[in-house]
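Right, one structure below, let's go through it.
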Amino acid sequence: MLEKQRSTAETFGIPLAVLLEITHRCPLQCPYCSNPVELDRSGKELTTDEWKKVLSELAEIGVLQVHFSGGEPTARKDLVELVKHASDVGLYTNLITSAVLLTRERLSELADAGLCHVQISFQGVEEGLADRVAGYRNAHRKKLEVAKWTRELDLPLTVNAVMHRQNLHQLPDIIQMSIDLDADRLEVANVQYYGWALKNRAALMPTVAQLDECTRLVEEARERLKGRLSIDYVVPDYYALRPKKCMGGWGRQFFNISPAGKVLPCHAAESITGLDFESVRSNHSIAWIWQNSEAFNRYRGTGWMKEPCKSCEFREIDFGGCRCQAFALTGDAANTDPACALSPLHETIFKQAEREAEGETNRFLYRNFAGGTLEPENDA
């Protein structure tokens, strides 16, 4: 069955790397959480055997890398078993983690099982601010400890720093922290404002001046640290003239699998109402879902586009921008992403971002299974 699907799936090219969100459970309460607004409960999660079947199928259809993510992937007791199975079927494995639940013993077990790489998220460099953003006491201290263990176990390390108005001033120190931790790579990822982050946009949106300085610092550090630290940079696009080529275009270069087994064109895709996403629990193979499912084909390519995207010279470069952002801001995922200057809403969101960035709102609506908790006023 899988062999029959291999050739058809290659029409769009099975991605070399796939994101596996094995759980939405997470001890952190980050206000910019990229998981769907409606989280999958633990009772809906794929079982160990189901995830093993997924891993075997991914390897068979040509996937080379899997990224174990969440939520917090270490919340699953079977993570070592899953990593070992992935390694056994020839997959490169990366753990994307907050690190706060890890012990040195368990990290060592993961390394012995074949884990190839660790990516740890950091909310800042100063413990008070970092723990406040995470909504979790002593998180920053634990992250530093786990980063040290990672290098002691000779595992490559990526530092993921999610940036916003309240921590952008720490970027020079974050770059230095990455060097001090002997990280191979730093991902400077500005918050993307959909899903839960949209609820906290007024507390997170940077000013234009902050973003310009952030870009300057990244460019300077890339040149200065060439060959020592690789730096990836993800910018927010509210202030841009052209939208980002989100995920390389819908259904073209990326898919992820949710805790409940849904195969998604991006981790925020379930925010678009009216789309039904196929599950690995269905009778269809993953390759069939990638190639033939209605959800993946809805916004794939350019045939779905309305004006001004339809006749735009950049339509096969940025593919109209982010479908999730278009839906969040306009109510129609087929509309031009308002980050684009050609969108009739572009000026509106630009001005709104400026107002929010200059505002005095700093309190977070924390992310949790209770539906969100507003940060106490005296803590903001």
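Every residue number used here counts from 1 along the chain in the order it is shown.
Using the three backbone atoms N, Cα and C, a Cβ is placed for every residue, glycine included.
Neighbour density for Cys33 ([4Fe-4S] cluster binding site): within 10 A of its CB lie 22 other CB atoms from the protein chains shown. Summarising the annotation, Swiss-Prot assigns [4Fe-4S] cluster binding site to Cys26, Cys30, Cys33 and lists sequence analysis as the type of evidence.
Annotated domain 'Radical SAM core' per Swiss-Prot: 12-228, in sequence order.
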Looking only at the domain 'Radical SAM core' (12-228), mean pLDDT returns 97
Taking only same-chain residues 6+ apart in sequence, whose CB is under 8 Å from that of Cys30 ([4Fe-4S] cluster binding site), what do you get? Gln123, Val133, Ala134, Gly135, Val162, Tyr366, Arg367
Suppose the [4Fe-4S] cluster site is Cys26, Cys30, Cys33. Which further residues of the same chain have a Cβ inside 8 angstroms of that site's Cβ centroid? Leu28, Gln29, Tyr32, Ser34, Asn35, Gly71, Ser98, Trp196, Arg367
